[in-house]
Amino acid sequence: MRVIRMTNYEAGTLLTCSHEGCGCRVRIEVPCHCAGAGDAYRCTCGDELAPVK
């Protein structure tokens, strides 16, 4: 089964770094609608940011 990750998040979405031990968090206030907006948001460490569950 192929899983497609949704990287376009709505305003208010809280994201956290996927890197073990990082834990930084970012809240999306205004989603990006630019070319390449389907790419994952990333932490400065380089790992993807994922929605907080």
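A Cβ is built for glycine as well, from the same backbone N, Cα and C atoms used for every other residue.
Record features, source Swiss-Prot:
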BINDING   C17, C22, C34  Cu(+) 1 binding site
BINDING   C17, H19, C45  Cu(+) 2 binding site
BINDING   C24, C32, C43, C45  Cu(+) 3 binding site
BINDING   C24, C32, H33  Cu(+) 4 binding site
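Neighbour counts were taken at the CB atom with a 10 A radius for the binding-site residues C24, C32, C34, C43, C45; the maximum falls on C43.
Cβ proximity to the Cu(+) 2 site centre (mean Cβ of C17, H19, C45, cutoff 8 Å) flags the following additional same-chain residues: S18, C22, C24, C43, T44, G46, D47. C22 (Cu(+) 1 binding site) is 24 Å away from C32 (Cu(+) 3 binding site) when you measure Cα to Cα.
Look at the Cβ of each of the binding-site residues H19, H33 and count the other Cβ atoms within 10 Å; the largest number goes with H19. A straight line from the CA of H33 (Cu(+) 4 binding site) to the CA of C43 (Cu(+) 3 binding site) spans 19 Å.
A distance of 19 Å separates the Cα atom of C34 (Cu(+) 1 binding site) from that of C43 (Cu(+) 3 binding site). Straight-line distance linking the Cα atoms of C17 (Cu(+) 1 binding site) and C45 (Cu(+) 2 binding site), rounded to a whole number, equals 9 Å. Ranking the binding-site residues C17, C22 by how many other Cβ atoms lie within 10 angstroms of each Cβ puts C22 at the bottom. The CA atom of C22 (Cu(+) 1 binding site) is located 9 Å away from the CA atom of C43 (Cu(+) 3 binding site). Put simply, C43 (Cu(+) 3 binding site) is 9 Å from H19 (Cu(+) 2 binding site) when counted between their Cα atoms.
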